[in-house]
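Notes follow once the structure below has been shown.
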Amino acid sequence: MQKGQEIAASDGDKGPEQHAIEVGHVEPADGKGEDTQKERVAVAEEVQKKSKRVAALDAFRGLTIVIMILVDDGGGAYERIDHSPWNGCTLADFVMPFFLFIVGVAIAFALKRVPHIGAAVKKIAIRTLKMLFWGVLLQGGYSHAPDDLSYGVDMKKIRWCGILQRIALVYFVVALIEAFTTKVRPTTVRSGPYAIFDAYRWQWLGGLIALVIYIVTTFSLYVPDWSFVYHNDGDVNDGKQFTVQCGVRASLDQACNAVGYVDRQVWGINHLYTQPVWIRSKDCTFSSPNMGPLRADAPAWCLAPFEPEGLLSSISAILSGTIGIHYGHVLIHFKTHKERLKHWLLMGFSLLVLGIILHFTKAIPINKQLYSFSYVCFTGGAAGIVLSAFYILIDVWGLRTPFLFLEWIGMNAMLVFVLGAQGILAAFVNGWYYESPDSSLVHWIVKHVFVNVWHSQRLGTLLYVIFCEIVFWGVAAGVLHKLGIYWKL
C-alpha cells in the first residue's frame, strides 16, 4: 500500500480524479513574483474549486464493491440475488459491468492529458500485468480463502480467467485507444446532440469492432460435440466421462454456444470454472433458481465446466468500458449539471430500453454468462442511471453524509476487493482456531451472534454479511481515508 495515493485496479491512474482540472505551478503574471497575499489566496481558492472531486464516482465504485460482497457471501443463503442460472439478470449480474463502466469513466480522467505516449503505454501495460497477476493469484485456484486454509494449485487445472483478468483486458484496450488518440481528441466539443460521439469516434469504433468480433463469432462459429471428465471427490459421478451433443451454429443455450467453445479451445477444458451457475437452471434441478438435487434426467452439460469470464465474452465486455469512458468524456466537456444529466440519462434510458426490447423479443436474451449485446445495453444503461442518481443526490443536492461509507470504500476499492470480497482477511482470522478450523472467531460470531439469535441460517447469514462485512469495511475504509492510506496497483 502507498500512503496518499489513489487505488488503481478499477480507478485508472487517479481513481476518480481530483477531478476535471489538473493544476501545476502558477506563475506570477509579471514573472517577478510580486503577487500579493490576497491574490495568491484567490488563486488557491479558485484552484480548490476547480479541482473539486466528483464524489458520485467514488460512491458508485463503492456501491459496486458492496453489492459484490453481498451477493458473494449472502447469495448462498438468498440465491435469487445470486447470478441468474442463464438468461435474465439478477443483482449479482450488475457487478461486473458496473466495474467495467467505472473503469471507463476513470480512464477518461487518468488519460485526459498524455504528454508522452510511450510513458503512458508503459504505465498501462504495467498496470494490466499487475491486475492479471492478482487475478490469477486470487481466482486461479491458488487461494482457497476464506474457509479452506490450504493454498496451492495444480497447474494442470489452474483457472486463467477471472474478474480482475477481464477488467485488465478491458482496461488495456480502452486505455490504449484513449492514449493513442490523444492528438486527435478535441479540447472543446461543439454543440449538438451527436458532437461528443463524433469527437471521440475512435473510442466508439474500438467498441464497435469488439462487438462485431463477438457477434460474428457467436453466430457463425460451428460448435462440434465435446466431452469432459467430471471431478468431484465423493460424488457418484466423480471420474466419469460425459459427451455433450452439439454440431450446431448460432446457439445461445448452455451446451452449444460459441463462447464456451472458444474457451475450451483456447484455455483447455481443465482450466475453466468448475462450478458454473447453470447447475441451478430448470434443466438441471427442480429447485431452480435455487441449488438443489440434480434431476434424474438432467443433461450431461449440467456437470460440465464453463468460464463466465472467458475470452470471447470479455471481448464483448470491452463495450461496457467504452460506454463508461463516454460518460467520463461527458463529465469532462459538459460544465453544467443540466448538460451532464441530460446526456447521461438520455443515453442510460435508451440503452436500458434497447436491452429490454432485445431480451423480450427473444432476439438476443440478456445473459451475463455469454455477455450478450442485450446484457451490455441493459447493464450499461442501468450503470448510467445509477451514476446520474448519485450525481444528483451527492454532487448537486449535497446529500453526501448518507453515502460517505460508499465513497470511502470506493476510494480503497482494490483493498476491500482483495481483503473483503475475496475473503483474505476472513481466511487470516479463520487461521486462528481452537481445536478445529470450524471453531474460529468468524464461525463463532456467525453462529452465536446471528444464526442462533435470529433462529434462521439464512437471515443470520445475511445479517452477518451486512454488519460484519459491509459495515466493517465501510468503517475500515473510512479510517484508512482519514489516514491518507490507499492501495495503488
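Yeah, the Cβs are placed from backbone N, Cα and C, and that goes for glycine too.
Annotations in TrEMBL come from automatic prediction, not curation.
Residues or ranges marked as region 'Disordered' by TrEMBL: 1-37.
What TrEMBL lists as compositional bias 'Basic and acidic residues' is 11-37.
The domain 'Heparan-alpha-glucosaminide N-acetyltransferase catalytic' annotation in TrEMBL covers 53-181.
Under the heading transmembrane segment, TrEMBL lists 54-71 (among others). Through the fold, the transmembrane segment (54-71) approaches residues 10-11, 15-17, 19-20, 81-83, 90-92, 94-95, 98-99, 102, 105-106, 331, 383, 386-387, 390-391, 393-395, 400, 403, 405-411, 413, 416-417, 420-421, 465-466, 469-470, 473, 477 of its own chain, all at least 6 residues removed from its boundaries and within a Cβ separation under 8 Å.
Counting same-chain residues at least six beyond the ends of the transmembrane segment (91-112), those with a Cβ under 8 angstroms from any Cβ of the stretch are 10-17, 19-20, 22, 57, 60-61, 63-64, 67-68, 70-72, 75, 81-84, 120, 163, 166-167, 170-171, 174-175, 178-179, 182, 309, 317, 320-329, 331-332, 368, 375-376, 379-380, 382-384, 386-387. Here TrEMBL flags 91-112 (among others) as transmembrane segment.
Summarising the annotation, TrEMBL assigns transmembrane segment to 124-143 (among others). Counting same-chain residues at least six beyond the ends of the transmembrane segment (124-143), those with a Cβ under 8 angstroms from any Cβ of the stretch are 8-9, 151-154, 157-160, 162-165, 167-169, 171-172, 175-176, 179, 418, 422, 424, 427, 489.
As annotated by TrEMBL, transmembrane segment applies to 163-181 (among others).
Sequence annotations record features per position, and here TrEMBL assigns transmembrane segment to 202-223 (among others).
Per TrEMBL, the feature transmembrane segment maps to 311-332 (among others).
The transmembrane segment annotation in TrEMBL covers 344-361 (among others).
The transmembrane segment annotation in TrEMBL covers 373-394 (among others). Counting residues 6+ beyond its ends, the transmembrane segment (373-394) has Cβ neighbours under 8 Å at 54-57, 59-60, 63, 89, 93-94, 97-98, 101-102, 105, 211, 214-215, 316-317, 319-320, 323-324, 327, 337, 340-341, 344-345, 347-356, 358-359, 363-367, 400, 403 in the same chain.
Feature annotation from TrEMBL assigns transmembrane segment to 415-434 (among others). Long-range neighbours of the transmembrane segment (415-434) within the same chain, counting only residues 6 or more positions beyond its ends whose Cβ lies under 8 Å from a Cβ of the stretch, are 1, 7, 9, 65, 68-69, 72, 134, 138-139, 143-147, 149, 409, 440-443, 469, 473, 476-477, 480, 486-487.
According to TrEMBL, the transmembrane segment annotation covers 461-480 (among others).
The residues of the domain 'Heparan-alpha-glucosaminide N-acetyltransferase catalytic' (53-181), classed with DSSP into helix (H, G, I), strand (E, B) and coil, number 84 helix, 4 strand, 41 coil.
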